[in-house]
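Visitor: Take this structure first; my questions come after.
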Amino acid sequence: HSPSVILTPLLYCGFFFFIFFCTQNIPQRSFGIDYDCNCFVKDGRPFRYISGSIHYSRVPRYYWKDRLLKMKMAGLDAIQTYVPWNYHEPQLGVYDFSGDRDLEYFLQLANDTGLLVILRAGPYICAEWDMGGLPAWLLEKKSIVLRSSDSDYLAAVEKWMGVLLPKMRPHLYQNGGPIIMVQVENEYGSYFACDYDYLRSLLKIFRQHLGDEVVLFTTDGASQFHLKCGALQGLYATVDFAPGGNVTAAFLAQRGSEPTGPLVNSEFYTGWLDHWGHRHSVVPTQTIAKTLNEILARGANVNLYMFIGGTNFAYWNGANMPYMPQPTSYDYDAPLSEAGDLTEKYFALREVIGMYKQLPEGLIPPTTPKFAYGKVRLQKAGTVVEVLDRLSPDGPVKSTYPLTFVQLKQYFGFVLYRTTLPKNCTEPTQLSSPLNGVHDRAYVSVDGVPQGVLERDKSLMINITGKAGANLDILVENMGRVNFGRYNNDFKGLVSNLTLDQDTLVEWEIYPLDVDGAVNHDINGHLDRPERCVDNPQSYEAPTFYTGRLSIPGGIPDLPQDTYVKFPGWTKGQIWINGFNLGRYWPARGPQLTLFVPGNILVSSVPNNITVLELEHSPCSTQACEIEFVDKPNINATTQYENYAPQLFVRDIWLNHL
Ligand SMILES: *[C@@H]1O[C@H](CO)[C@@H](O)[C@H](O)[C@H]1NC(C)=O
Ligand SMILES: *[C@@H]1O[C@H](CO)[C@@H](O)[C@H](O)[C@H]1NC(C)=O
Ligand SMILES: *[C@@H]1O[C@H](CO)[C@@H](O)[C@H](O)[C@H]1NC(C)=O
Ligand SMILES: *[C@@H]1O[C@H](CO)[C@@H](O)[C@H](O)[C@H]1NC(C)=O
Ligand SMILES: *[C@@H]1O[C@H](CO)[C@@H](O)[C@H](O)[C@H]1NC(C)=O
Ligand SMILES: *[C@@H]1O[C@H](CO)[C@@H](O)[C@H](O)[C@H]1NC(C)=O
Ligand SMILES: *[C@@H]1O[C@H](CO)[C@@H](O)[C@H](O)[C@H]1NC(C)=O
């Protein structure tokens, strides 16, 4: 394709504008839709955008500028970002816009870099993010119907939008900022509720706070089926679709809702997401380059999703159903890697973009150097049960039957459920979750002796042994809430009763655990007693904290640099460095073996404090008790993969988008 192919319609378009607008007063900064020339119009002139997705919540603030500049240098006009509600309102009425959550600073940096912004304000965002960005505290009303006109849901949305949108208003393009368009909801046509009143309420709320001028839009799968419940008069309907398909057919679907106006693919997939236990997704560069060329040749607007995926730090990953949580890396096989590295895909797509517009002059910021700090020895600091008083300073909540995380007002991480064995279990006795109510993984021990793991959808029963009256400890991990589809209201913890043989277990002591708080107050060094023997012939060990120190070597310029941490012989857990929660590791399941460690969390003046919570089995009794810092990622290992047909599921989502 040659660029001249698109010149004709643009000239035609320009002519139209000449007669249409030159008789009127065009405001200095304006952005809108022109239905006669099927294009956007910016400052009175036809405008087509090439945009890329970056989620500020997945990139440390320290690196925002670097990533934005790399995006600018790829020839992008705009970036697109989601606003995750649960990231900013962690508890009802408690708002956080500081540090890594400083959305306004991010917008300012984008503007300073010369990038426009397409804001996807939610309230629901999907995004492979915990609960699709909806705060878990919404579930305090158990029967709430999320993403509908449910009055409690709408009241919470209205309150949140009353905080978020007034902050955004000064950043709108016509007010001197970078935001040209604001997306309402996300792929609503894929949701079962199909509640037009809900979309109408959102439209009203958005208009009330942002004014009448800004372009509000929706995004849905490119088919009549998806647009049926996703599109609404007053919201410009755009579509999303993957490379390799029929671009003409996809845009025809958009034309079904918008007979005229600009063609827009709001999510053109540069790669795809991953799940623990499934093969790492890769989408070939040539396929993307070819379809991108077709989209641009047509004069259409496009957003590359993702341009940089980044990282699900801490507990922020989501999950799909049947229950499949996403890993810590959100690399996405995007043009910029998880760590912001320039890839072959970056340069190939930049070249395609360069056929349609002038690329900016200047240097592309180089890939940040990575450093292999090597092995770090860890020491056992105590089991979860041994340090329980520090993890749960307020002590347990007593309840006849188990309570969920939401009932405990703890939304992330881990909760310890304790009861006593009502009878002697001298022979192996069945502990089971007949209603599949372990959400999501439970590490079971009796008086400190590990018994096994229960897992949602996968392992609903184990045998345990122990004496009557012994403590039955069940540490339950929330592995991330479902972010897509009708099972969004994903309660965590023990969401149904457990049975021992046929008997329902009762009289629980439930310990909410503030693991992150305890890690920040140094979980290490308070153990005066001699270390207990960790030798364990079984395959399971009780969940245990390990700590260690990483010293940055002297005499090497420009340290500390980024690095990756890998877990040889470790099984599954969570890691913090200097109190920063880097996320979950699970080399036993894969495909991700290394975690990205951004250099900005490391210091060279004093040793860096490492805390590892290993949930299943460490190498410490048989091999070296070490983790290792390396200079290359490995997120595509071939470990054991699921037997049931994950590929089918993934295809389903693809089909939704085609
Ligand atoms: C955003 O950038 C433009 C130049 O592209 C500038 O005119 C405008 O003042 C900037 N806005 C802010 C809020 O910095
Ligand atoms: C693409 O879709 C259009 C519209 O449905 C159709 O006319 C065309 O034949 C399709 N092209 C291919 C290669 O299938
Ligand atoms: C459990 O077994 C012990 C002997 O090992 C016995 O003393 C005790 O009474 C038994 N308890 C119950 C509840 O059966
Ligand atoms: C539990 O123990 C019973 C009886 O010893 C045995 O038949 C069964 O296979 C065991 N189940 C598991 C999951 O280990
Ligand atoms: C446990 O069972 C009791 C008695 O049947 C029931 O009232 C309770 O709701 C159940 N609890 C959960 C969490 O399922
Ligand atoms: C590591 O922890 C020690 C206390 O055990 C503290 O003195 C030191 O400042 C911490 N290091 C960093 C980098 O936070
Ligand atoms: C993983 O990715 C690396 C780097 O792109 C590649 O060399 C390697 O072949 C891949 N491994 C697998 C198992 O796909």
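Positions of Cβ are set from backbone N, Cα and C atoms, glycine also.
So TrEMBL lists the following for this protein:
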- E187: active site, proton donor (ACT_SITE)
- E267: active site, nucleophile (ACT_SITE)
- 40-355: domain 'Glycoside hydrolase 35 catalytic' (DOMAIN)
- 402-514: domain 'Beta-galactosidase 1-like first all-beta' (DOMAIN)
- 543-603: domain 'Beta-galactosidase galactose-binding' (DOMAIN)
- 6-23: transmembrane segment (TRANSMEM)
Visitor: What is the separation, in Å, between the Cα atoms of the residue listed as 'active site, nucleophile' and E187 (active site, proton donor)?
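Guide: Per the Cα atoms, the residue listed as 'active site, nucleophile' and E187 (active site, proton donor) stand 11 Å apart.
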Visitor: The residue listed as 'active site, proton donor' has how many other Cβ neighbours within 10 Å of its own Cβ?
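Guide: Total other Cβ atoms inside 10 Å, all chains included: 24.
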Visitor: According to DSSP, does the residue listed as 'active site, nucleophile' fall in a helix, a strand, or coil?
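Guide: Reduced to three states, the DSSP call for the residue listed as 'active site, nucleophile' is strand.
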Visitor: Can you tell me how many other Cβ atoms are located within 10 Å of the Cβ belonging to E267 (active site, nucleophile)?
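Guide: Counting Cβ neighbours of E267 (active site, nucleophile) within 10 Å gives 26.
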Visitor: On the DSSP side of things, how many residues of the domain 'Beta-galactosidase galactose-binding' (543-603) fall into helix, strand and coil, could you say?
Guide: 3 helix, 27 strand, 31 coil
Visitor: Restricting to the domain 'Beta-galactosidase galactose-binding' (543-603), report the mean pLDDT as a whole number.
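Guide: The answer is 97, the mean pLDDT of the model over that range.
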Visitor: Under DSSP, is the residue listed as 'active site, proton donor' helix, strand or coil?
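Guide: DSSP call for the residue listed as 'active site, proton donor': coil, neither helix nor strand.
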